[in-house]
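As C-alpha cells, the structure follows; a few thoughts come after it.
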C-alpha cells in the first residue's frame, strides 16, 4: 500500500498514519521526521537542509525530494509506505512520480483528510503550544491551502476524501472504508 496523505495541519494525518502504518505493516514517512533524522545523522542532505531551517527558510524541493527518494528505496518501504507532508506541490508530486517509476512502482492512492478550519483552530489551540496562536494557526492553514490546492487537481483520478471530524477510531474506520479495506 503506497499512499499519500493530504490534509491541513491539525487534521490528524499523523495520528491516522500511525494507525494505518501498523495495520498495513508499512512505514509512516513524514517530511518532518526525515528532516530531523537527516539533520541528526549529519547526512549531506541534512547538513544542507539545516542551513535553510536555521535561516527560517523553506527547505528547497530538490533536497526534500532526495530525502524522500532515499527513504522510499529502503527495504522496509519495499511493500509500501504512507507519505505525510509530501508532496506539497505539483512539482513535488511529479518528482514523486519519477521516484516511484525508477523503483518500478506507483501510488495506490491519495487520502485527503477533510476538516473545517474552525475545528482545526480549536484542536490546535487545545494542544496548548506557546507558538500556536489563532493568527499563526490560520496563517499555516492559508499557506497549506495555497501550496496544496493544485494537488487536488493533479491527483483528481486517485484522491479520496475522508471526513476527519470525530473520534480517532471513527476517522480511521472512514479511512479504511475509503481504501476499500
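Counting begins at 1 with the first residue displayed.
The backbone N, Cα and C atoms fix where each Cβ goes, glycine too.
Per Swiss-Prot, the range carrying the annotation region 'LID' out of 112-118, 119-125, 126-132 is 126-132. ATP binding, as stated in Swiss-Prot, involves 10, 11, 12, 13, 14, 15, 127; the candidate among 56, 80, 166 given for that site is 166. Each of the binding-site residues 13, 127, 129 was assessed for Cβ neighbours inside 10 Å, and the highest tally belongs to 13. Cβ neighbour count within 10 Å across all protein chains ranks 31 highest among the binding-site residues 15, 31. Residue 127 (ATP binding site) has 31 as its nearest neighbour among the binding-site residues 31, 57, 59, 88, going by CA to CA distance. With DSSP states grouped into helix (H, G, I), strand (E, B) and coil, the region 'NMP' (30-59) comes out at 21 helix, 1 strand, 8 coil. Within its own chain, the region 'NMP' (30-59) is flanked in space by residues 14, 17, 66-68, 70-71, 84-86, which lie at least six positions past its ends and keep a Cβ under 8 Å from the stretch.
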